[in-house]
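Engineer: Dropping the structure in here first, questions after.
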Amino acid sequence: MAVGALPAPVLCGLIAGLLSLYGYIPYIYDTLRGRCRPQRSSWLIWSVPSCVFFYTHVTEGAGASLFFAAVQCVCTVIVFLTSLRWGMGSFLRAPDVCAIGVACIGLALWYWTHDPLIALGLSILVGMSGGVMTVIKAYKRPHTESFGPWVIAAIASTLSLVAVGEMNWVLLAYPAYLWTLRVIIVGAMVLSPYRSPPEVTWGGEFVHAPEGHLRHPAA
């Protein structure tokens with residue numbers, strides 16, 4: 001079947017999955033090179049709901065959006081594993097402990113209920129608890145995040161909503177949450193007062209200001 005003949009939800013699902021993968025690759029690369037330092041507790045927490053998200057899509061018989069869910073699941077776990085060596089943040093600081101505690105409570109409730117719909121709702125709650133840490137980091141230390149991949153991720157989340165292809169709130173809930181979270185993270189980086197303006201070369205290309213020129217928040 002030609003690409004042009006694919007239904008819109010299927011095409012959006014494929015593009016969303018490919019865009020998501022395209023965004024994760026430079027994010028992981030920047031992490032390995034030390035240019036990006038993922039928040040360890042956030043990515044640990046996000047690994048759980050991303051797996052629940054994929055499981056829910058499988059059990060609900062999702063079609064085009066399943067590829068996006070699979071990419072999210074695999075890549076989130078990979079970023080968490082790389083953050084153990086190249087990330088930042090402790091699992092023992094009070095904010096991290098609180099976020100992980102909320103995640104553990106959500107997982108316990110999911111285990112006791114055995115309800116996929118409740119599991120999805122709790123996984124979103126878990127993801128929100130992890131997202132708070134990265135939003136704060138993106139605002140206070142924007143130089144520790146890769147801006148481009150987050151923008152790509154937000155676009156991919158938008159397309160994943162279209163990929164659902166129906167008003168199925170079970171399938172729409174998690175992509176909507178991802179879109180909201182990613183837009184907030186991008187906004188935090190853009191609005192951060194600690195973000196130095198880029199320098200412009202003679203060729204008109206934008207380059208980041210040197211590390212020493214970044215304004216850091218007071219400790």
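Keep in mind that glycine also has a Cβ here, set from the backbone N, Cα and C atoms.
Annotations for this protein, taken from TrEMBL, read as follows:
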type	residues	note
TRANSMEM	6-29	transmembrane segment
TRANSMEM	41-58	transmembrane segment
TRANSMEM	64-84	transmembrane segment
TRANSMEM	91-111	transmembrane segment
TRANSMEM	117-135	transmembrane segment
TRANSMEM	147-165	transmembrane segment
TRANSMEM	171-191	transmembrane segment
Engineer: Could you check whether the transmembrane segment (117-135) packs against the transmembrane segment (41-58) - three or more CB pairs closer than 8 Å, residues at least 6 apart in sequence?
Structural biologist: yes
Engineer: Could you pull out which residues elsewhere in the chain have a CB under 8 Å from any CB of the transmembrane segment (147-165), counting only those six or more residues past its ends?
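Structural biologist: Answer is 7-10, 12-13, 15-17, 19-20, 22-24, 26-27, 30, 62-65, 68, 138, 171-172, 175-176, 178-179, 182-183, 185-186, 189.
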